[in-house]
């Protein structure tokens, strides 16, 4: 796999020295210097891209914007305790992900606010995210403070706009778990130049608020997973149980920490609990061996994650370890005991003139699309401020915020331990926190722009996942084509799409999350599922109907994967406008009679979804059901309201019974489609803390009981899509990618196809320049036949 430098030109690569793919920040001064370099690079136009128009815009706002001063060396200005110094508020766009320096400042601020040394020492930092500002603040930033400067985003006022000298300070939101008290608290920190005297000297953050959230458990952390594995492997009764199964080398043992979910009061959040799954490799000197090929069953382990100790243990049933499967490994060639294909020739993607996209910080422009890229530890990739530049109609907003906010994987085997396998991979673990560095293996080809992601670790350190998000163009076959059968003349255009993606690993499974943008105004959300099946062991001669036998003594239980996309729509709505509504479209058959004498008639019938309870809907392929978000005050050339429609892909609903325990926490899975009016505190469909959550239907299913009006408002769509996985032998030892997703398509948004202006591909133009023109067909009728 080619390196980053081989895939991108210098103008699209961070110039900072990157020493590892997952490293901790060590020097606050270096963090600030790096942040300052990024800010200055993001602020300045690339010389190769500085058009006359951009220069004119920059000059026009020069008097309005205070220039960004170069940052001084923080090693001279920071306190002797090493607390980082923040820069001015407007050096970062309000929607930019938190920088490493900002994260370090926020942690220092929270720690300094601890009442006693014991309180400070017991703090464990679960999550830190940007407090996303009001949409009007984002509009102000895009209009006057950051390229490409779009004053049209704000409404015109008499006497001209009132422009502040700087934007409000950015804020960080931290979820902190106390190992000492088993309490979860939420802190809001203002990342400003406010000085506060603390035990560490002066710093540049200020605590805005802090509160303890009762009766919850926050997501698990990788540090806890590693500690749990070590504790279980050191537990004498566990070692004895493994010895009964012929295993004495604990280096062969894999302990996967799973949250307990909530099945009874024993799982209440008064204790932080985990029930691990156990696996065992066969070779200690083979780091890439597929250890999931030997599940260890019959052992019950319950771990207190607060005190990190085993509190329940029982060797319930001696299930023999499955024999080593000779087909278990998936590495190349001889390392897996096989031979690779020899007839695969190189396939190179070449863009000699560079990419068609432009990137300025986290702002992306491609063809007529523009948007911002964000990233959170829970959701992973976030797409902000999606808009389409439509000729003389200018910049037309489509969506304010797009992301995948939750996923649930329920298993269909009622036997222990599989009935407890109901993972909430976003809410219990974090999709972003488990993202890959694509330096270790990238599935993208061509010219790539990468984005790093900064996180907080459990002890408060800053970690960076380099090359976390991938941005690149892809050829996508035919965009449109027509040949006139009378003349033989043809016009054809190839489709190109811009893909933004990241990939994460949650235990045995991999998930790739993609947003694709197309030249005809479509957007596609796609999830690619791959990785290794979560298996169970069988007794000799045993067969289970709740799964597929993969190898002797080895079976894969049936299960489902559900994903939830949250889409804060803004179809033709500028900031501050709330002029959207949702209609459901179903195809209806015309009743036989005088209006349908030939019995062939059908038509599309629309129904306005007027309130939240009416908008709890399911997919229906028999009526080609889809949903359209329309602007109630903007029309196209035929007088119809402009809109974007959501077109479902393959989908399903939960197959578990209505009283299944996991549905207490996942009531949002009961319908494929939900609509709510925008509310800043309604972000996660199962509530913010689904881990060990005892409350029934928290989140989306509770919010909609307000039955708020949807007739003309700021619309948020929640689309739940899933796949039922009946495992195949062909899914072993590593599952070929399975794709699932949906489309957002313009519906009356444009006055014609927005793709007609895509030029012919270079090869067609070269033929015409060479004088090679396709000859008309002499006998058109014959050609048609």
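Note that Cβ sites are derived from N, Cα and C of the backbone, with glycine treated the same way.
Just so you know, TrEMBL annotations are computer predictions that nobody has curated.
The active site, proton acceptor annotation in TrEMBL covers 425. Residues or ranges marked as active site, schiff-base intermediate with substrate by TrEMBL: 509. TrEMBL lists 1-14 with the feature compositional bias 'Polar residues'. Look at TrEMBL and you will find 93-182 tagged as domain 'Copper amine oxidase N2-terminal'. Residues annotated as domain 'Copper amine oxidase N3-terminal' in TrEMBL: 218-321. What TrEMBL lists as domain 'Copper amine oxidase catalytic' is 347-755. Sequence annotations record features per position, and here TrEMBL assigns 2',4',5'-topaquinone to 509. According to TrEMBL, the region 'Disordered' annotation covers 1-31.
Secondary structure of the domain 'Copper amine oxidase N3-terminal' (218-321), assigned with DSSP and counted as helix (H, G, I), strand (E, B) and coil, comes to 30 helix, 26 strand, 48 coil.
For the domain 'Copper amine oxidase N3-terminal' (218-321), the model gives a mean pLDDT of 95.
Per DSSP, the secondary structure of the domain 'Copper amine oxidase N2-terminal' (93-182) breaks down as 32 helix, 17 strand, 41 coil.
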